[in-house]
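To start, the structure itself, in structure tokens.
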Amino acid sequence: MSSSSSGNSRHFGRVAPVVLAILDGWGHREELEHNSIRSAETPIMDALWHAYPHTLIEASGAAVGLPDNQMGNSEVGHLTIGAGRVIRQELVRISETVQTGRLGQTPALIALAERLRKSDGTLHLLGLCSDGGVHSHINHLCGLLHWAAAAGLNKVALHLITDGRDTPTQSASNYLHQIEDAINASGVGELASLCGRYWAMDRDHRWERTIRAYEVLTDPNQSISRVTAEDVLSASYANGTTDEFLEPTRLSNNYFKDGDGLVMFNFRPDRARQLVQSLTLPDFDGFPRANQPSLDVVTFTQYEHDLPVAVAFPAESLDDLLGQVVSEHGLRQYRTAETEKYPHVTYFMNGGIEQPLAGEERHLVPSPRVATYDLAPAMSADTLTESCVKAIESGVYSLVIINYANPDMVGHTGVMGAAQEAISTVDRCIGRLLDSTGRMGGTLLITADHGNAELMQGSDGQAWTAHTTNPVPVILVEGEKRKLSGYGNDIQLRAGGGLADIAPTLLQLLDLPKPDAMSGLTLIQAIESPTPSARLPQPV
């Protein structure tokens, strides 16, 4: 370990920081075809990969507490990085509850069913309808239909948000067929509306999008489509509009009314929050609401602490996280990202805690306000880098964490040229971080939270807009004032690791103890040591 005092290595009287750069969506895939990372100009990352200790780690499936072969995502990735252990994710918790028939034992749903039986109100089921597993899962919706039938709720309206981002761009009809089968099997349910996630799941306060979803759910004067849901999709595709951008469409007269109940079955909070805020907060001011139905609302998980809703699956509390350890040792830390990824380096990395820790400073850089990020592939990366360089060179932060959103957000558009530009932008920014960290004698650790931009087209020839299950890189650039002792002449990063090993690695670089609760293992080892057959820790 370092001979410095508890995490505060200094360079000319200033703290030499440990910097964690998370390249969101930067996965590893050897094949060049349809790979925006391998085909982009990346002189900095290429040079670092060849000159410094590096490895590949797992960022999907069991390595992050998800089912095998389930792609990782930003929420899960940042939670796992911050926890230093594998956490059983909400997808797994809820799926197990549905599969074992225990959904009807959930207190929030029991209470909702009882109130709706008394009031004779309609049960509305709202959420992303796909098997992407990032924000929701169609099996959970099917489970809700069977629960509603068993609970004696016969007035059930389905408001389906179409995906096309974590799934193929024109796959909604497949999910419609599954839902129609579930409606027939359960004997309850009516398709009431369709809406692309572009409108219903914004997270950047683009209220002009959210209001479109709000109105199709609440406005009694909305026109009702004269054609079937399948025909709505076909017409949308014919106009060049894919699932993500599907225009909000009313399919029946089953809109939200006073006394109705609502279950929002998305389990990931960040893209569900705005719509639920608009439906529940009495002092909401994002846009004028012509209709404000009084609803009895249950959300699958906690989207925000102050929402007037019941929560079906409350969060499991976590302690001894990376940020907490740094804070408890009296060290200062800096977290920065642009709007699209700001909750991930703060809220999610801190285990769902919204308030900053003692000594934790946060800096938000606004993302450009464009319809899709292929129109601005550089996003706000340069401004973000400038703010991070200032934090690094301030000499007051022991730990600096920055997230670059470009590979993920531009990768989601499926536009190859734009993704290549995004990758090259991030590569250039890493060069600036490297110079700044080096001037301070600090250490730079580079990794990613999941894959995305390394695959831009699927085998069917359609644009690939989803995440991947590919591993992600880790590169360690050791600083002069952060040299680790006890490793002979040199160090290497072991193979066989996962995202849960990032926090233990950072704590070692900071010369801080790893809590027992962190089952992850440091990636650092001496070159002369045999590579351990590291096992991924099991979910807690």
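Glycine is treated like the rest: Cβ placed from N, Cα and C.
Note that the structure is a prediction, hence the values are computed from the model and not measured.
Around the Cβ of SER74 (active site, phosphoserine intermediate), the number of neighbouring Cβ atoms within 10 Å comes to 27. Secondary structure at SER74 (active site, phosphoserine intermediate), taken from DSSP and collapsed to helix, strand or coil, is helix. The active site, phosphoserine intermediate feature in Swiss-Prot is assigned to SER74.
The Mn(2+) 2 binding site annotation in Swiss-Prot covers ASP24, SER74, ASP449, HIS450. Classification of ASP449 (Mn(2+) 2 binding site) by DSSP places it in coil, neither helical nor stranded.
As annotated by Swiss-Prot, substrate binding site applies to HIS135, ARG165, ASP166, ARG197, ARG203, ARG268, PRO269, ASP270, ARG271, LYS341, with the evidence given as sequence analysis. For ARG203 (substrate binding site), the same-chain residues 6+ apart in sequence whose C-beta sits under 8 angstroms from its C-beta are ASP270, ARG271, ARG273, GLN274, GLU340, PRO343.
Feature annotation from Swiss-Prot assigns Mn(2+) 1 binding site to ASP408, HIS412, HIS467. There are 28 other CB atoms within 10 A of the CB of ASP408 (Mn(2+) 1 binding site), with all protein chains counted. A helical conformation is recorded for ASP408 (Mn(2+) 1 binding site) in the three-state DSSP classification.
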### Task
Have a look at the recorded positions ASP24, SER74, ASP166, ASP449 and say which one has the shortest Cα distance to HIS412 (Mn(2+) 1 binding site).
ASP166
### Message
Cα-Cα, whole number of Å: ASP449 (Mn(2+) 2 binding site) versus SER74 (active site, phosphoserine intermediate)?
### Response
6
### Message
Just to verify: the residue among ASP24, ASP166, ASP449 with the fewest other Cβ atoms within 10 Å, which of the binding-site residues is it?
### Response
ASP166
### Task
Tell me, in order along the sequence, which recorded positions from SER74, HIS135, ASP408 have their CA within 10 Å of ASP24 (Mn(2+) 2 binding site).
SER74, ASP408
### Task
Compute the mean position of the Cβ atoms of ASP24, SER74, ASP449, HIS450, which form the recorded Mn(2+) 2 site, and then list in sequence order the other residues of that chain whose Cβ is within 8 Å of it.
ILE22, GLY25, ALA59, GLY72, ASN73, GLY77, HIS78, LYS341, HIS344, ASN403, ASP408, ALA448, ASN452, HIS467
### Query
From the centroid of the CB atoms of ASP408, HIS412, HIS467, the recorded Mn(2+) 1 site, which same-chain residues not already listed sit within 8 A by their CB, in sequence order?
ASP24, GLY25, ASN73, SER74, ARG165, PRO407, MET409, GLY411, HIS450, ASN452, ALA453, THR465, ALA466
### Summary
CB contacts under 8 angstroms to HIS135 (substrate binding site), restricted to the same chain and 6+ apart in sequence, sorted by sequence, are GLY127, LEU128, ASP166, MET201, ASN266, PHE267, ARG268, ARG271, ALA272
